[in-house]
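A.B. asks: So TrEMBL says this about it:
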type: SIGNAL; residues: 1-16; note: signal peptide
type: TRANSMEM; residues: 44-64; note: transmembrane segment
type: TRANSMEM; residues: 84-105; note: transmembrane segment
type: TRANSMEM; residues: 117-137; note: transmembrane segment
type: TRANSMEM; residues: 157-178; note: transmembrane segment
type: TRANSMEM; residues: 198-221; note: transmembrane segment
type: TRANSMEM; residues: 272-289; note: transmembrane segment
type: TRANSMEM; residues: 301-324; note: transmembrane segment
Amino acid sequence: MRHFLALNTIWAVSTAYVTPVPTTTHDGLDFVRQASFKYSDPVKLRISLVVTSKICLGLLAGLLGYRIRQFNQHLLKNMTLTHVYIFIDYISAMTFITAAAIVHNGLGITTDKICRAAIRLCLLFYTAGKVSMYLFLVERIHVLRAPYRSRWSDYLWIFSTIGICVSLGAIGVAGFAVPITSLSKADGRCRIGLQPYAIIPLLVCDIVINVLLTLVFIYLLSPVVRGNRPSGAGFASRLARVIGTLCGRAKQRTAVNLHPANQLLVRRVEKLLFKTLVGCLLVVLPASANLTALCIYRGKMPAFMCFTICIFDVTWAAVVLHWLTMASADRRESGAAL
């Protein structure tokens, strides 16, 4: 009886201090939605970024595999600097997409530090992709202008390379040092941007460098189309002749008169000119729209939107570069394109 009373007392004391916890079943998806609303972007936006990054990564991997497949053991030894720039552009774009997916969906933009790292990540790989693309254009001009001269003896190559690296590098450092970031306490979403003194020069340099390098390339090819005027010459050929005529030194350069049997070369040059003009527009317009959107938002662009636009931008630039340098059935045409 004494043992029974002792056990009854212990049970009564234990039940007196135990507070019943209401058991409510939470759906796993609802929990994720609440957490994502509090600390980061909504689940739908995060899923869309995952899908976008996977699609762009798959596309870039296919382009990179196509480019690698063109090389055999002999061609690998003779890889030129233009090929190196192309591979750098592919790899930098793929690295940026991977890093953006990890930061946004893996780590989650939940702190001011990660929010600040998001805009710096965009700016770093955006600038690296632009530098590699413009150095490729400079190298293509050098191959066409002075293929048998050293690069250090080609003043145009030296001036262009230094100008691109210094201008874009300085603008990138300025934007990297003092970005605009804010983590909203209301919805927990990260909003990022760049200072006006970084956006406007970056936009101007992007347009000016691209247009100038394109015009120089067209000018160097103008003697071929000026001396040979096949019927039905396209807009690119007429533009090349106009540029060659307007330039002061063009009058000193004699036109290249080809044999009628070599008119196929003229058509290839016209095709190359057309692709160069279209490629210039295809690269400048999306990049300008991207930087203009940053300027309009005034540092309040959501990180999800910035990542998505930058992913499309670097992927689009790599696709355009691949189209410009894509080898055709005739290896001589592909060599001219490179």
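Glycine is no exception: its Cβ is also placed from the backbone N, Cα and C atoms.
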A.B. asks: For the transmembrane segment (117-137), could you work out the same-chain residues 6 or more beyond its ends whose Cβ comes under 8 Å from its Cβ atoms?
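C.D. replies: Counting only partners 6 or more residues beyond its ends, the transmembrane segment (117-137) has Cβ contacts under 8 Å with 82, 85-86, 88-89, 92-93, 95-96, 99-100, 103-104, 109, 161, 164-165, 168-169, 171-172, 175-176, 179-181, 190, 192-194, 206, 209-210, 213-214, 217, 283, 287, 303, 306-307, 310, 313-314, 317-318, 321.
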A.B. asks: State, in range form, which of 44-64, 84-105, 157-178, 198-221 has the highest count of Cβ pairs under 8 Å to the transmembrane segment (301-324).
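C.D. replies: Stretch with the highest Cβ contact count: 84-105.
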